[in-house]
Every structure is written in structure tokens, then in C-alpha cells.
Amino acid sequence: MRRIREFFALDDDWDRPGRGLRRRDVLLALGVGVLSLLVLELIRPLGTLEAVTAPIWVQWLVVAASALPLLTRRLWPLASLIAASVGFFALSTREPTLGGLLSVLVCYFIVVLGGVAWARNRREMLLVVSATMLLMLLWLVWGFAVGNALSDYPTEYQDDSVVPVWFAAVGLTFVINALYFAGAVLGGQVLWRNARQRTELEQQAATIEEQSVELREQAVTEERLRIARELHDVVAHHISAIGVQAAAARRVMDRDPQRAGSALEQIEGSSREAVGQMRALLGTLRSGQSAGSTTPQPGLAQLGELVTAHEGGPLEVSLDVIEDAPDQRDRVPVPVGQSVYRVVQEALTNVTRHSTAQRARVVLRVARARVEVEVTDDGRARGGTEGTSLGHLGIEERAALHGGGAEIGPRATDGYRVRWWAPLSDEGDRHE
């Protein structure tokens, strides 16, 4: 019972697409109907229809009508099967010669096959098919037991026969009918399964295509976010540094020209560095550009230069590096190191722009499984310098990119703190 349930997919309510009346169904029904009438008239002179008692116009009508269920075998598969079965058994009972015509048998075979192949409710399909086959069995038994089904066979043994005539007639009839219905039912089920698998493959292909589109869109979005973060970090840091150094140069220009000149040199250096990083960033957007034509992005090795760039300015910055082992920094993946640099750069830029702090401290901690950086200052928020929080968003996005985290906010005492970390284990590397 379980195998029957699985074979016929009795628990599957899949609705096969493509239902409805199609042009080829109309052409098939017309073609089979015309062919049936042609065969009927071709065999008439041979004397095959002598046993038929119905008028010729009735013969034409019933033979042509046997092709009508072909029109609706997709739209109403079970109803067409029931109607065709009733008509077939009625015709075979009333006019066995007409019911045994090859064209009529072919029409009924196609209808049975279509009923199995197109029925949505598999339980109802199995019930209708089983009832039809049971009716066929009872009809055959009745024909041999009560009717004159044996009248067409010889009544005496042939010289070389092994079995009785009646046994051969009954056995041959049952075998032919069993193969006829089994072929229609099994063929219809195979067609249904093939259509089911084909639909699943099409749906999977469509799902894969949708996912690929989503992945492409996600990649584009992530690249836009990366570019936005890089632009924000580069422009905000260098422009802020230029503004601070320009203000310092303006204040000391009259009484300390040498110090003003030093500030202007730093402005010049910051400008060139900003232009270089902008070119490197924009270079990654150009197609066909060689990898060597872009400037490497700064990382952990450039943190010292970032701190040194604040010398001579109003903000005094110190850098402390704590490592579990010598040269532990060299084992930090390049993408993580670049993110650490950008986080420190953004934090120092925010201190310069939005704080009254005079000192800031950068602490880099590199362990075997984790890298952490902390930037603190001793100032208070400067009035009238509210930002857009895009810098904080960029810091948090960089942390999420590497599977880490970030804490941003005021300290318990005066000042502000930015704490950022990322794992260096396998779990963290896969986010890169």
C-alpha cells in the first residue's frame, strides 16, 4: 500500500500547469475523428461491419463522438475519463464491432492516459481508474459467462493445441485488456512525474536566477557602502586636518612664522595624501586597470604615521601597542588591518572636529584570536558641531564585516571612547 501511495503520489496536490483547451487538442480531436470515419468506411466493403445493426449515420456519430473527450482531457481529465469510459463500455456492449475499432481504442487509450497524467487530485484519479478497471473486469466476466463473447472463437480443439479453446480465449482477452489499461495508466503516471520534475527544475532554475540577482545586487550595495566609507574616511580626515592646521597657521603667522610654515607643510602633505588616496580609491572603479596602478590602502603599519600627522597641532595623540607575542601585528589579515586604520582615522577626525580635547590616546591590542583598538580623549563635546553619524555607522559596518563589534559613546569621566574589535580565528576570517 505504501508503494502504491508513493508511486501515484497520492499525497501530492501539485496542479500541473498548462491546463485548458489548446489548439493542438482541437486539431488532434478533429484529425482522429476524421481518421476514424475514414477507417470505418474503408473496412465496410470488407464485410467487417456486417454484425453492426445501427444505421450508418449512427455509426458515424458514435465513432466521431469517441474523439470528443480528446478536447477536454487536459481541462477536465477525470470527467473526460468517466464520460469516455461510460461511452466506451456502452458502445462495446451494444455494438462490439464498433467498440473494437482501432481508432476507438486509440481514442480511449489517450483519454485514460490523459486522465492519469493531468489529474490534480491523485486520490480521486486512483479511485476513478480503479473503478474503471473493475468495471472492465466485470464486463469481461459477464461477456464470457452470460453473453456470447465465446461465439467468435472456434469450439473445437486444434490439432496442436495444448489448452482448451475457452481458456485460450478468456486468457488472451484478459491479457490484452490488462496490458491495454496498464499501459495507459503507467504511461500517464510517467508523464505526470516527468512534468512534475520538469516544473521543479524550472522552479529551481528560477530560484537560482533570483538568488544570483539578489547576490549581485547585494555585492553592488556592499561595494557602494565600502566606497562610501572610504570616501568619508579619506575626505573627512584630511579636510579636518587641513582645517585645524590652517587655523593654527593663521593664529601664529605673525609672531611665529616658522611654526606657521610647519603647519602649512602639514597642510600640503595632507592635501597630497588625500589626493593620492582618492586616486587609489577611484582607480578601483575603473575597468581594465592594472592592480599595480593603485596605491596600497593603509593598514596597521601606517598607524604611526597617522599619529605623527597630528604633531604640531592642537591635539596631542599617543599610540600604545600591546601584543601577546612579538610581531603579532604581522599576522593580522590585511582587510582587518585596513579597517583598524580607518576606525582610528575616523575616531581622531571626530575628536578634532567635535571635541575640545587636547589629548587623545590610541591603544592597539593584538592577541592570538582577537585584535582590538581603543581611542579615548579628555575633552567635551564642542558646541555647534553636530555631525551626521555616518562615521559611527561606518565603524559599526566595518566591525560587522569582520564578525566583530564596536562600542561608541562618552566615558564615565570627561571624554569620549571608541572601542572596536574583530576576531582573528577561523570564525572571524570567513567574514572577510
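Note that Cβ sites are derived from N, Cα and C of the backbone, with glycine treated the same way.
What you see is a predicted model, and the numbers here were worked out from it, not measured in a lab.
Annotated features, as they stand in TrEMBL:
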- 26-43: transmembrane segment (TRANSMEM)
- 49-68: transmembrane segment (TRANSMEM)
- 75-92: transmembrane segment (TRANSMEM)
- 98-119: transmembrane segment (TRANSMEM)
- 126-145: transmembrane segment (TRANSMEM)
- 165-192: transmembrane segment (TRANSMEM)
**OP:** Report, as numbers and ranges, which residues of the same chain sit near the transmembrane segment (26-43): CB under 8 Å and 6 or more residues beyond its ends.
**Re:** 49, 59-60, 63-64, 66-68, 70-71, 101-104, 106-107
Subject >> Outside the transmembrane segment (49-68), six or more residues from its ends: residues with CB under 8 Å to it >> reply: 29-30, 32-33, 36-37, 40, 43, 84, 87-88, 91, 94-98, 101, 103-104, 107-108
Original post:
Same-chain Cβ contacts of the transmembrane segment (126-145) under 8 Å, 6 or more residues past its ends?
Top reply: 4, 8, 10, 78, 81-82, 85, 89, 92-93, 112, 115-116, 119, 166, 169-170, 173-174, 177, 181, 185
